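Student: Before I ask anything, here is the structure I am working with.
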Amino acid sequence: MARERDEHDRFERPRRHTKPRTKVRPNYDAAATARVVTIDRGRYTVTLDPSTGSGSGSDPSTGSGSESRVITAMKSRNLGRKGVVVGDHVRVVGDVSGDEGSLARIVEVTPRRTVLRRTADDDDPVERIIVANADQLVIVAALADPPPRAGLIDRCLVAAFDAGMQPLVCLTKSDLGSADELVAMLEPLGVKVVVTRQGGDLEVVRDALRDRTSVLVGHSGVGKSTLVNALVPDANRSVSYVNAVTGRGRHTSTSAISLELPFGGWIIDTPGIRSFGLAHVEVDDLIKAFPDLQDAARDCPRGCLHTAAEPECALDAAVADGSLARERVESFRRILDSMNQRDDY
Ligand SMILES: Nc1nc2c(ncn2[C@@H]2O[C@H](COP(=O)(O)OP(=O)(O)OP(=O)(O)O)[C@@H](O)[C@H]2O)c(=O)[nH]1
Ligand SMILES: [Zn+2]
C-alpha cells in the first residue's frame, strides 16, 4: 500500500542486461550504493555501504556496526524533481572519497520499501515523505511529565500501520508513573510495548531495535534524547552527526538524522516533526495490519467503514459468535476514530 504511492515507483530502474545501454539512460549498476543519513540545505550526508566501500560484504540493510565511510553528496540533475529523503538507498558517482570538501552526486534512488509522511502545514502545504525504508516506528511517550496522551499514540499507530511499519511503543520515565493503563490499552492491538527509565536496563529496548531501521517519534521532553544517548553513547560524536555539524557549520535543519546503533541497526530521530499525514489513509489500508479483522470484514456490506455506527458490520457478528475478541474490535475502532481527529501526530 505504501509502496503503491511511492513517487519513485513510476520510474523504472534500468534492468540489468535486459535493455541495451543507451546514452539517454545511463546505467549506474557499477556506481557505489549508500544510504542517506541526514539532509541539510541541499547537501546529503550519506554513508557508503560497507560492501561497496571497503568490501566487507555484509548486508547493508542491517548495518554491521563497522565504520562506514561518510560522504557529502548533492542531487544529480537527472533526478529532476524527485525527492531524496533520509533512509533512501541511493547510488552515488563522482568523488566518493569522503575527503574534506569532496562532493559526490546522487544519480539514482532505489525503490522505497516503506515511506513515512508528515502532514501539510502552514509553512508547507504539501504532504511530504520524511523517512524512507524504515521498518519500525518507535512511539516514545512519557508516563508522566509530560503526561501521556492516548489519542496521540493512536494516531502514531495509524501512521505506522499505514506506512507498513511495525509499531513499538516506548514508555519512558517509569520512575514517575505506572504503565499498566497504557499497556492494557495497547495489548488488544498486539502492539509491542517497552518501558524504560533514565539509568535503567536497556536490554529489552536493544533487543527490539537490533538489526532494524527504527524511526523515533515523540514530543519534546518525553526523554527521547536521553534514550538516544543511552543507546548510542557517542551519538553527538557519531560520524553522521559530526559530518552534518562540522561539514557546513551548525546542523540547522530539522531534517531527520539516522544513527547507526553499536549493537546493529539504525535509529532515525525526527526533530521538528509534529504531525503525520493521515489524510490519505483508507480504512481498507489500515485493516490490512490486522489480518483476523480483515478476514472477518470480508462479510461486511460493500463500503462498510467498520465503525460502531455501521449497522451491519461483520466485525460485530464476529464478536457475537466469539470468533473475535470484543476488546480487539473496540481497540481497532478506537484507532480508526483517532484518524479522523485533527491533532498533532
Ligand atoms: N524522572 C525522569 N526524568 C527523565 C527520564 N528520562 C529523561 N528525563 C528528564 O526529562 C527531561 C527531558 O528529557 P530529554 O531526553 O531531553 O527529552 P527529549 O524528548 O529529548 O526532549 P527535547 O530535547 O526537548 O526533544 C530531562 O530533564 C531529562 O533529564 C526518566 O526516565 N525519569
Ligand atoms: Zn465492517
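Numbers here mean position along the shown chain, with the first residue as 1.
Every residue gets a Cβ built from N, Cα and C, even glycine.
TrEMBL labels come from automatic prediction, so no person has curated them.
The following feature annotations were taken from TrEMBL:
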type	residues	note
COMPBIAS	13-24	compositional bias 'Basic residues'
COMPBIAS	49-66	compositional bias 'Low complexity'
DOMAIN	123-276	domain 'CP-type G'
DOMAIN	132-274	domain 'EngC GTPase'
REGION	1-28	region 'Disordered'
REGION	44-69	region 'Disordered'
Student: As a test of reading the model: what is the averaged pLDDT for the domain 'CP-type G' (123-276)?
Tutor: 87
Student: Going by DSSP, how much of the domain 'EngC GTPase' (132-274) is helix, how much is strand and how much is coil, in residues?
Tutor: 51 helix, 33 strand, 59 coil
